[in-house]
Amino acid sequence: NGTSVKEFILLGFPGTWQFRVSFVVVFALIYTLTVIGNASIIVLVWRSSNLHTPMYFFLCNLSFLEIWYTTGVVPKAIGVMLGTSQTISFSVCILQLFFLLSLGSTECFLLSVMAYDRYLAICYPLRYNSLMNSVLSVRLALSSWLGGFLAISLLAFLTSRLTFCGPDVINHFLCDIDSCLALSCSDTWPVELATFLVSIIVVVASCVVTLVSYMYIISSILRIQSAHGRKKAFSTCSAHLSVVTIWYGSTMFLYVKPSAQKSLDVNKIVNTFNTVVTPLLNPFIYTLRNKEVKLAL
């Protein structure tokens with residue numbers, strides 16, 4: 001005699017009206033700056049012939065991804081906090097979950113590809129242009145996008161098969177895997193196992209590729225005799241290293257764990273940083289710490 005829940009109520013950030021309006025202002029400002037910043041990088045690379053290199057091709061992919069990643073979160077979050085759009089249907093909830101997790105997985109793969117690109121540039125500078133040619137660059141970028149979306153397909157399918165009998169309130173401003181598992185009245189063990197395995201494959205595997213690449217990069221930099229040469233070599237990957245540290249730190253906290261139903265309030269805070277703040281930081285990190293981009297600008 002149980003009834004299945006057809007839509008959920010997103011709680012957002014509970015508090016006074018003034019508190020929620022202040023969050024709306026902050027979210028709207030960050031979203032505007034994120035879209036402008038990442039779109040500017042794409043236009044800058046497209047218009048500047050000296051930036052037509054694999055490194056900036058991958059950066060354009062990352063900037064394009066960040067625009068859609070934050071777009072999948074912020075507009076709905078603003079509606080939730082204003083109280084004008086707190087409900088979300090089950091199908092749209094699963095679609096948002098699939099969209100965000102797929103883009104997050106793609107970002108993991110793109111960051112590891114960018115680390116590999118920096119490894120070739122620093123460890124094999126004379127052969128770099130032949131090793132990382134335009135064909136390989138396009139293949140690596142395409143593989144990152146396809147791999148990211150395919151990796152989450154099974155997870156989204158399993159989540160869509162869960163049964164929800166109530167309550168229907170999600171303690172979040174978006175639909176994520178943890179909140180869905182916490183509300184489900186069916187056995188969530190298969191989804192939790194799939195989440196853990198996908199996290200290991202996507203997050204940990206891509207992180208290992210990145211770490212190994214940087215081990216070789218640091219080893220090569222330390223063998224450079226002049227201090228100026230070491231500084232110049234390190235400057236080519238410092239921006240990417242900063243982005244990698246921020247992204248993997250928060251992502252591993254959210255997804256690489258045996259149980260996905262613990263500390264939902266903490267997950268909300270970390271998710272805010274991951275989906276709203278990080279996309280804003282990336283364009284500024286790459287422009288402020290990169291001489292080529294500043295010269296092109």
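Residue positions begin at 1 at the first shown residue.
Placement of Cβ uses the backbone N, Cα and C atoms for every residue, glycine included.
As written in TrEMBL, here are the features:
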type	residues	note
DOMAIN	37-286	domain 'G-protein coupled receptors family 1 profile'
TRANSMEM	20-46	transmembrane segment
TRANSMEM	58-82	transmembrane segment
TRANSMEM	88-116	transmembrane segment
TRANSMEM	136-158	transmembrane segment
TRANSMEM	193-217	transmembrane segment
TRANSMEM	238-256	transmembrane segment
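With a threshold of 8 Å between CB atoms, the same-chain residues lying at least 6 positions outside the transmembrane segment (88-116) that come near it are 5-8, 10, 55, 58-59, 61-62, 65-66, 68-69, 72-73, 76, 140-141, 143-145, 147-149, 151-153, 155-156, 159-160, 164, 174-177, 180, 198, 202-203, 206-207, 209-210, 213-214, 237, 240, 243-244, 247-248, 251, 274-275.
Away from its own ends, the transmembrane segment (20-46) comes close to residues 12-13, 52, 56-57, 59-60, 63-64, 66-67, 70-71, 74-75, 77-78, 81-83, 276-277, 279-280, 282-284, 286-287, 293, 296-297 of its chain (Cβ-Cβ under 8 Å, at least six residues beyond either end).
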